[in-house]
Each structure stands twice: as C-alpha cells, then as structure tokens.
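Here's the structure, in structure tokens; my notes come after.
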Amino acid sequence: MGGEEKILVSVRVRPLNEKEKTRNDRCDWECINDTTIICKFHNLPDKSSYTFDKVFGFECPTKQVYDDGAKEVALCVLSGINSSIFAYGQTSSGKTYTMSGITEFAMDDIFAYIDKHKQERKFTLKFSAMEIYNEAVRDLLCEDSSTPLRLLDDPERGTVVEKLREETLRDRSHLEELLSICETQRKIGETSLNEISSRSHQILRLTIESSSQQFSPESSATLAASVCFVDLAGSERASQTLSAGSRLKEGCHINRSLLTLGTVIRKLSKGKNGHIPYRDSKLTRILQNSLGGNARTAIICTMSPARSHLEQSRNTLLFATCAKEVTTNAQVNLVVSEKALVKQLQRELARMENELKNLGPASASSTSDFYALMLKQKEELIAKMEEQIHELKWQRDVAQSRVENLLKSTAEERSSSSSMDSRRRRISYDSTDFDEPRMLNNLGKSNLYSPDEDGFLLDDTTPQFPGHNLHDKWEEMAQSTTQEPEDACKEVRCIEVNSGEAERVQIQDSLDDIVEKKEYEQNYESQKDDADSSIKNIDMELSLYTKPEAEDGVSVKKLIEDVQETEQSVEKQKQSPKKEEMEQYLSRDMSEQVTKSLPEEEQCVQEYGAYDKLEAQDVLTINKLEESQQTEQSVEKEDTKKNLSSKKEDLKQNLSMDQSEQLYKSPPEDEKCVEVYEGSDKDDNTYEALKKKVKEMQKTIEYFMSIQSAEEKQSPSFNIIDDTLSPGEYFKMRRSRSCRENLLFTKAAAAAASRGFIFETTNTSFDSDITVSMDAQSIKDSDTETSSSSFHEFMAGLRERTMQHHSTHSDDTDTKTMKPENTDDGGEKTEFERQQSQIIELWQVCNVPLVHRTYFFLLFKGDPSDFVYMEVELRRLSFLKDSTETSRKQTAKAVTREREWLAKQIPNKFGKKEKEEVYKKWGVELSSKRRSLQVTHKLWNNNTKDIEHCKESASLIATLVGFVDSTLTPKEMFGLSLTPTTFNIKPSSGWKFSNSFSRISFTG
C-alpha cells in the first residue's frame, strides 16, 4: 500500500452568520454539484468556476464532510502510513468547528478498528499536542507552557520537537481528557469578525504502533505511523478585524506563516525541482513530511459565501487549486528493531516451553515410539531408493557404450561408402565426358539458350562470367557439340569393386540410375520449352531483316552474298592440305569477333547473313534432340519429337521466305561497298588471301551494321519496335550476347538519344552508387534541329572516313602488299596520336575510371579498325564533359575510391622487393607512410601529354587488376559497349566493372 498520489482537496462553504445577515450581506457562491463551485458575482476579472475533489454546501453536516473528505486518509494510519488533515481558510470561516468534528469522528473509527482487531495485533497509541503562537512552539499538554520548545533535525524521523510531551493512551476516555486539556490551553481571542478566534496553529498528533500477536517471520515487523489534525489560524485583514496591540501582532505572525505555507504549496504544485522554503516558517518545517513527503494529506478549505469576504474567499480557492496539484509519496512504515525481535522470540520460546510442560509422560512415550517407527520406515525407503539409483546408473552406462559403438560403426560405414562412391564416380567421369542428363543439358544450353548470358545488355547490371576462359578450348567445344548424341550415350559405367562391397555398390548404382532418370526427364522437359522459345526468337530476328531499309543506308544483302561466295571458295579447297586448318581458323576467327561460347557462334553466323549455314546448324540441333529422344520410349517424348519436327519445318519455310524476299531489297548503293573487294577477288586465291578477305569483310559488315543502326530510327523496321515497346522496355527486351543484339542495343540507344531519353553512365564507385546522368532531352530542348543534324553529319563523316580507310587498304591489296594490322602510314598514325591525346585529356576532365582508361589504352593501338572506336569514345567523352558540377564531384570521389582500392592490391600482387622497386620507380620514398596510396595517386595524373607515363600507368593497373593479354579479346566486345550504359558498384558485392570492360577476362 502507498505510493505517489495527489493531495485530497475539499471545499466547505458555511452559511451566512447573524452579523452578515444583519448587514444584509449577499451570498455570491453556489455549489452546483459535488465537485464544482461557482461565483454568482459577474464582475470578477478571472474565472468564476472552480472544481475540486469534493465540494460541500451549506446543508452538508460535518459527518458527511468527514466521510467523503477525510475518513480514508485518517484511517490509513492503521496500515502504517502517515496521514495529515488540514483545515485552511479565512478567519471566521468555520475551521475550528470543522476540525473538532473531524477529530472526534476519526478517533471513534480508530478505536473501533482497534477493538475489532485486538485479538490479532497489539496496538500502542501515543498522543501529543502543540501550538505555534507568534512563531513559538508550545506544548499544550504541559501546564507550564511559558517556555518555547526547540525544533531539532533527526536523521530518521526528520524534524522533531525537543521535550515535547507524549502521552500513551489507555482508552478512549483518556483521549477525551487530553483533548479537553488542549482546548483549554490553546490561545483564543475576540475580534470584530469572530468572538472566539483562534490565535495560533494547533497540531494534534496521534501515533499508532501495532505488532502481531503471533510470532512469524512475515509479521515480526512493527507498523508505526502517525496522523496529524492541523487546525490553522485564519488569515485576516487588520482593516476588517479592527485589531490593535497584541491582536495585531498575532495577526501579523499568522499571516506570515500562512504566506510561507502558500509559497510552499505553490512551488510543490509546479514540481520539486527548485528550492522549497520549508525552513522559513516553523509551521512548514514541522509539517514538511505532510506537505510533500511520506504522508497522505487531505485539506479542507472553509470559506464564507458573503460578498464582503469575496476577495478572501477567492484567495482560499486559489490556495486549494494549487494544493490539488501537489504530489506526496506515502510509504508503509515498518519498524524492525532487534529488541522487538528478541522480545518476540522470547515470548514464542516461553509459549513452547509451557506446551511441553503440559504434555504428560504417557503421551511423551507414545510420541517417541511413533517417531522412531517413522524414522525406521524412512531409512528403509532410502536404502531401497539407493539400490534403484545404482541399477539405473549401470543401465545408463551400458546404453551410452552401445550408442558410442553404433556411432563409430556408422561413421566408418559412411566414410567407406563415400570413398567408394567418389572412386566409382571418378572412374565413371574418366570413362566418358557426358552422361545422358549432362548431354541433354549441354545440348540445350549450347544451341537454345544460355543462362550465363542473361542480363548481358541490361543498362544497370554487370554480367556474370564463368571463371574459365572459353577462348582456349573453342575447338574442343566445337568438336564436342558436333558429336552424335548416340556416341555420348554409348558409354556405360563399369566399376569393379571388391567382393565384400559388391552388394552395396549395386544398390548405390540403382539409386544413381533412378536419380539420373529423373534428372533426364526434368532436363528433357526444360530443353523442350527452350527449343520452342529459341525457334520463336530466331523467327523474330529474321523478321527484322525483312523490313525495308532507310534511303541512305547501305545494303547488307550484297555483303552476305560475298561472304557466302567466299565460304564456297573455301569449300572448294577441301583437297588442299590446309583444309582442316582453314576451317578451324575461320570458326575461331568468327567466334572471336563476337563472343566466347558455342551459342554465340551460331548467333554470329545469323548476323553476318550466312542463312544457309544457320539453317543447317538449327536443323542439326533439332536432329540432335530427336536422336537423344529415341533413347526414351514414352509417349510423352514421342509427342515432343513431333512438335520439334513441326518447328523445324516452320523454321525452314521462314528462312527460305526471308531469303527470297531479300533478293528484291538490295539498294544500288551496295555496289560502292563491294568495289572495295572486287579487285582482290580475282587475284587472292591463296589460303592467306581468302582468310584476310573474310576477316576484312566481317569488319566492314559490322561497321555498316552500326551505321544502319544509328540511322534506323527513320526506317519502318525500327518504327515497329518503337511503336510496340517503350524505351525502357526496349532496353530489357533481349539479354543475349549475340552480335545481332549488340547492334540492336546500339540502334535503340541512338534512337532513344534522338528522342530525348536519358542515358546514364555511372563511374566505378566503391562505397556508394554514384550515377552521372546525361539528359538528352535538355540537349534536344536547347537546339533540336542542330542536335539532329549534327548527329547525322557525325555518322556521315564516320562512314566517309571509313570508306577512305577501306579504299586505301584495297589499293594495298591490289599491289599484293599485305601489311600487318598494327602498322599504318605516317598520316594515319599522326591522326591516331591526336585522337589518343584528346581522349586522355577528356578522361582526366570527366574523371573516367582508371580501369577503363587502362584497357582502352592497351586495346586500341592505332590499327585501321580502331578508327571507329576512337571516334565513338571522343563523342561519348564530349557528352560527359558537359555534365553538371555535382556529377563531376561525384565521379572524382569515385576515382579516389578506385585509387584506394588499387592501393590495397599492391601488397597482394607484389613481393617485398618488387614493391620497393615500384616505389622507387614512381618516386615514392621508402620511409614514407601510405606508399601504395602515393603510387596510385600518381597513376594517370594531370600529365596527359606524356605517353610514356600513360603506358606505365596502364601497365601497373593491368598488373594489379589482372587483365588477360589484349590480343585474346576481340575489340568489338569492348568497342560496341561504348554506348551509354549504367553500371553500379556496391561495397557488399565486390568489384563490378562497367559494361565497357565487363566482357574482359581477368586472372589473379
């Protein structure tokens, strides 16, 4: 019981007295309900309505005031909680009258409670009384009260009154006798407002201590609490009381102490954070616990309803309003003293001795026999339980040993079975390259769809590549895919095992056969769906080429026919000793121009126009699937075979229709492109000449395809795509790594740029995604006509310069002087150096990633075929140069992060001596700090004119990142990705390079 609670505030309004009635004084206050009082005088500046816990009107008797406003607080003293009851108000408002009745009713209830519970607890009541007269404390129970008492501070009890007499009550009559003495000793006087006016503050204190009659650890403590009945003297005005002399002096002391009480109440109502002036008055000092400490408090404010006391009544209500907000923290007071505990134990010991004496000898002997019998039974039970425990322990040990043996044997069996299984699988894998499920899986992935190519052309992702390099094993993959499915399935696992393990291996083989059969069925279903989707994709791609081309575009049909004628001429040399070598070289060369895998080779053949070869390969793919299906005899596989056959016929019809349509769609401008190679067709009949011509024709086809893609935005073929797909959807339409789709991506990017779409190029970032946006719409808004015409002029210039390059190269071939690709005349080399210098300067201005600079610098070294890529790079950097200042800061931050990452790679890539050589080479002192970071900050610095510095920077970065030799990677794989793309690098995902160099193989 106890805790924080607010003071219980009640207001009692007395009726008009005889003097007020004689003066015809009006009643201005009215109680509208049990909690609200209002003022009927409307000239008040402040509010006229007040709400309290309880409001008592004229007709309410003192008994009701006690029951509703003070009884609960007064009786909590019996539970060990301190309590206080105040009577506050102006002079002649009825304070003494109210407190006399409340004191009497409270004493009656307290003694009634004691009489009811005296069998359970022992109560001790102590009574003391004092008054504060002219700021002097007097003892009301002492006859000689002329000597004032001092106030002392006790660390346990707080403020105490020295030498205050405290009487222990015998009964109720004794209390009444003491109350009458207090009434006689209290100072009273007569004023003009009250004939019997109290001239002092009276405090009656009743202390109650209670302890349990029966001893127990829970009830050994003693409850000690006190209740205070405080009858305050009324505040008065000298002008109203007409006091003088001693009465005036008394009134001054009364008002001063009440003013201090009001100040304390007001500050307590606002919280206990500041200083509370308890010591400014002896009244507040004595009642400190009652006001804001360990006690429950009830205040009864009395007031007069007369208009003549209106201001005093309002002050009383304001005091009550503040007191209503004061919070006290009452706690139960437990007194656990050693003396009380010793006394309680002594009483309990005496009681038990008396009970023992009262027991007779007969009863004692019978009791001892009974206890002896019970003790014997308990001992027997304990012995029996010990035997059971011993037996259970033995059983537990046996069970544990069995479990351990079982676990050991199981582990040995698993290890032996796993070793046999791994050896058997190793023998099986050595005997054949593919089993049935893997054959179908590889067949589907090679000819129909490659999941590794998914997302290759996305504008915001980086493709994931396998760790191995497909260039080294291109011939092996080509040969493996051309094998017949029956040959791959003829291998049968033959495992010879020991006689002791034959049965286990046989069971394992049966399980493996079941698993492989299920995998075969699942792969078969997935490959059937992939075949359908692949055929649909082929139809869609072929349909794109059947659309009419733009007026100023070049014809691809003528070039396709040249490629076919060249291939036929190569086939005529089957009798030559170099036949096989030439076929392998052509296959490898075409694959290097586009991609690194078997499905990409087939897509490259589609792009270059070898439709007959494409048809043959697709038919071969379908035949492979049909032959692999013959190993299964189910009805479902037969149905699938029929579906694939129908797809094959549709594909053949579509291919033949497309070829027939394109015979009528060859513009006359194709002659200009074919003239480049006409002179060499008659003379170059050797193997080297044919190989060189095929290579040059492939590059020319690629160039004209890129030009066509840039201008295709006005052609019907591109309009079809543009009408059906939004720009954002068109970038995500296809995710293949084929040559055709690389060109389609370039086409879509150019068209979207002309229409005002936004391309995003994101520099490499190592702590956050930093995106630099090129808003083509802003360029279009500034000067739409100029932008469109400049783009066409740029593409026309590229086409004209490339024709010049090819014409020069054609003249060289007429003279049968074959120059290496990395050689050029003095004028072209000077032009290349000029473009290279401009690109390096723009790299520095645009904060291009260092890895991009390195690979571009190492890959493009001045070959005639590098001209287009140098122009595209210059065009891209010129767009980036116009980016905003915010984007420039973000890209600079990304380059700084890249340098920090490269600095971390130096200790991983070089040994101690090699690192010192690198530091010395780049002018970094060995005794300095953060030497690796100093080196990386010197890479690709502002010295853009120094080509040797650029070479050394590119060489070091290539070593740190782990670039493969640039000759093994086709330039088209890097050059075609120079269109604006988006790449993001996050700290959690490690390194992801941009699409400009994401197709490069890395080592280390």
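Glycine too: its Cβ is placed from the backbone N, Cα and C atoms.
Keep in mind that what you see is a predicted model, and the values were worked out from it rather than measured.
Annotation source Swiss-Prot lists ATP binding site at Gly89, Gln90, Thr91, Ser92, Ser93, Gly94, Lys95, Thr96. In this structure, Ser93 (ATP binding site) belongs to neither helix nor strand by DSSP; it is coil.
If you look up Swiss-Prot, you'll see 335-402 (among others) marked as coiled coil.
The average pLDDT computed for the coiled coil (517-576) is 53. Taken from Swiss-Prot, the feature coiled coil applies to 517-576 (among others), supported by sequence analysis.
Annotated coiled coil per Swiss-Prot: 634-661 (among others), in sequence order.
Classification of Lys881 (ubiquitin cross-link) by DSSP places it within a helix. Neighbour density for Lys881 (ubiquitin cross-link): within 10 A of its CB lie 12 other CB atoms from the protein chains shown. Taken from Swiss-Prot, the feature ubiquitin cross-link applies to Lys881.
Look at Swiss-Prot and you will find 6-326 tagged as domain 'Kinesin motor', backed by sequence analysis.
The region 'Disordered' annotation in Swiss-Prot covers 567-599 (among others).
What Swiss-Prot lists as region 'Disordered' is 628-671 (among others).
Swiss-Prot lists 802-830 (among others) with the feature region 'Disordered'.
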Residue among binding-site residues Gly89, Gly94 with least C-beta crowding, 10 angstrom cut-off: Gly94
Fewest other C-beta atoms within 10 angstroms, as judged across Thr91, Ser92, which are the binding-site residues: Thr91
Lys95 (ATP binding site) CB neighbourhood, other CB atoms within 10 A: 26
For the ATP site built from Gly89, Gln90, Thr91, Ser92, Ser93, Gly94, Lys95, Thr96, further residues of that chain with CB within 8 A of the site's CB center: Arg14, Asn194, Gly234, Thr302, Ser304
Which same-chain residues, if any, lie at least 6 apart from Thr96 (ATP binding site) yet have Cβ under 8 Å of it: Ala87, Ile196, Ser198, Asp231
